[in-house]
Structure formats: structure tokens, C-alpha cells
Amino acid sequence: MAKAKFERTKPHVNIGTIGHIDHGKTTLTAAITKVLHDKYPDLNPFTPFEDIDKAPEERERGITISISHVEYQTESRHYAHVDCPGHADYVKNMITGAAQMDGAILVVAATDGPMPQTKEHVLLARQVGVPYIVVALNKSDMVDDEEIFDLVELEVRELLNEYEFPGDEVPVIRVSALKALEGDPEWGKKILELMEAVDQNIPEPQRDIDKPFLMPIEDVFSITGRGTVVTGRIERGVINVNDTVEIVGLKDDKITTTVTGVEMFRKLLDQGQAGDNVGLLLRGVKREEVERGQVVIKPGTTTPHTEFEAQVVILSKDEGGRHTPFFNNYRPQFYFRTTDVTGVVTLPEGTEMVMPGDNTSMTVKLIQPVAMEEGLKFAIREGGRTVGAGRVTKIIK
């Protein structure tokens, strides 16, 4: 009996299953938990298909998404795995990032090959920045012709190349989720082979704390005799007393200053790090020079922009969204991090209007610059009510 010890130090990676409906995403998810449970019973509970299939609903930025989370461990890693029952749930999850993915297992039925949703999921993975993909060629027990395997594999690799994934290098593993779930030892081995490919081909993500410092400003105070304090939750990186920072966004000029104090729960710290709610005391900055919605950053690491392309999902009427479609030149507010900025929407060519419940790409021109990079999430609001959510896919200027 192989024993792997549970270590909190194991690297943690977030993955998910993507692919066309009925190609076996949920069955594969269940099969992975079963095979890993059989191999390392003290580390892994088995999660049956039924439990994954009745995914609980979550609300992310007002959007209702059905999503299942399972956890499991290989010898070297701890995984959190997301699976969504419906195609619409996948699209919503990938755009809102309700469950962030460091990599994905693309499930393609060997009996069908790539189908329309396979394409859509790969395109979305590219647009929302899922960085790595491993392919599971499912239902391989139902194909006995080597030529069919070769053909399907070729199609999948071409599809990945088309969307700028390294299609020629991506591992393609032949599996039968159903047979593995039924306890067939040979097909069980193929699931372990798949997980080995995931271990080796989906790199550990960079932790938030290792990224360059960024803190969105939520509030600004003036403390007599000490200066100006900005408060917020550190999004990434670390900040030390006496670090030089820039304050950018909403205005044309940036401010460069020094952090003379870091406070948390009224205690002075030497350092604040990702996840901490802190107050930063800024040298020589007047209260009226900074405002909510700007960001404090490590100098030169983020720039403000006004024009970008985005992928968005629009709330349906039932989710509390709009009741009517919107058209070109729609002017809602875009809520980035801590503040709303009005923007003008240009719809893609050939799209006349967008209905509640749709997802679409769009170009947005903001009336004030916002510090952003590709992948940044935002909400679309009308008078404080969320009507959609999206993320930046490309910065124009």
C-alpha cells in the first residue's frame, strides 16, 4: 500500500476540467478522486459522481454559477479541482474567475473529437489566461482503431495551436473515466498517467506574495502631525517601511512617495503582505492628492489605461440584471477594484445588441484612466446595481 504523508508544505495548484458537454468531464473528475483514493487512501476521500454532478450554486459578483469543488493529492501536490455541470456555468466561471485555474484538463471524447464547446472552452481559456492545458482523450475504451485515435489527437493539437497553446507539445493521454470509475485496474493506471502529466506540465503558480506590490486604495485619512494615510487590502506583493511607491490611476499624473509607516489593527508593522488590510503612511502627500480607486504600486509595475478589450457575461433578468438588451455606445460604469468609472462600449462587428444572459467580447473606452493589466476583473454596473462581469483580455491604450 503506497503511503504518502500529508504535508502542509505541498505545493497547491488549482485546476479544472473543461470541454464539450457529455464528453465526460464530471465522470473524469470522479474517476480521478477514486483512483487517487485507492492509491493514497489516507490522503484522498473518494467523491462520487452524484456529489460532483449536483453542483451547489455560488454567487460571484451577483452572477449565479453552479460549481463543484473537489480536492485531492498526488504524491507531490495538493489540488483543488473545479467542475461545472452546465456549459453556461463554465463560460460564467471562466469569465468571472469565480474559481481561478492555474491549468486545465481538456476532456475530448475519442469517439467524437473536438466539438463546438471544445472550441469555445479553449478560446475562453486563452482569453481569460488559463496558462496550461493537458488533454484527456476520454471514452478510449470505445475506440479500437488506431487511425481514429491519431486523427482525433491531430485535430485536438491543431485546435490548441489555433488558439496559441503549444499544441505540438501538450500531453494527450487516452483514458476511460467510466472504466476507471468502475474499478478497472488498467484504466485506473491511465488516470494515474494523466495525473502525472498534470503534475509535470502544469507549473506551480507564482504566489501573490511573490508578485510586485499593489494595493487598491479604499480610504484616505489625514492624521494631524503625521501626514496622510491610505487604507486597503494588499492585493499582491509585500511592502516595507521606507519603500518607494507610486500612486496611479484616475488622474493623468502619478505621485511618487515613500511609505513611512505600515499599520494593521492600530499596530505598527515593519512589513505588510498580500491579503493584509493595512494603512500606509505616505511622506509629503496631501489628503486631496489621492483618492479611493487609485492604486499604490511598486514603481513602474502597473500603468493606467483608458481603452481595452474585454470578455464579459451579462446578468439575466432572473439574476437581477437588465430586462432589456443594450446596443453600441452603451455607457455603464465599470467597477475596478474599489471604484466605478464610466465607459463607452463598442460591440464586436456583426453584433447588433447584447441580451441579458449573453456573453460577448467588447471594446471599452473609459472617461478616466484605471490601473490595469490583462486578466483584471471588473463588474459592469448601472447606478450601483451589477448588470454584468468581465475581465480585460487586451489593453489598447
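Every residue number used here counts from 1 along the chain in the order it is shown.
Every residue gets a Cβ built from N, Cα and C, even glycine.
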Q: Please find, within the list 19-26, 179-186, 315-322, the residue stretch that Swiss-Prot describes as region 'G1'.
A: 19-26
Q) Judged by the number of other CB atoms within 10 angstroms, which among Lys25, His87 is the least packed of the binding-site residues? A) His87
Q: Write out how many residues of the region 'G2' (62-66) are helix, how many strand and how many coil, based on DSSP.
A: 0 helix, 4 strand, 1 coil
Q. For Ser140 (GTP binding site), what residues in its own chain, 6 or more apart in sequence, show a Cβ-Cβ distance under 8 Å?
A. Ala110, Phe149, Arg174, Val175, Ser176, Lys190
Q. Any idea which of the binding-site residues Gly19, Asp22, Cys84 has the thinnest Cβ neighbourhood at 10 Å?
A. Asp22
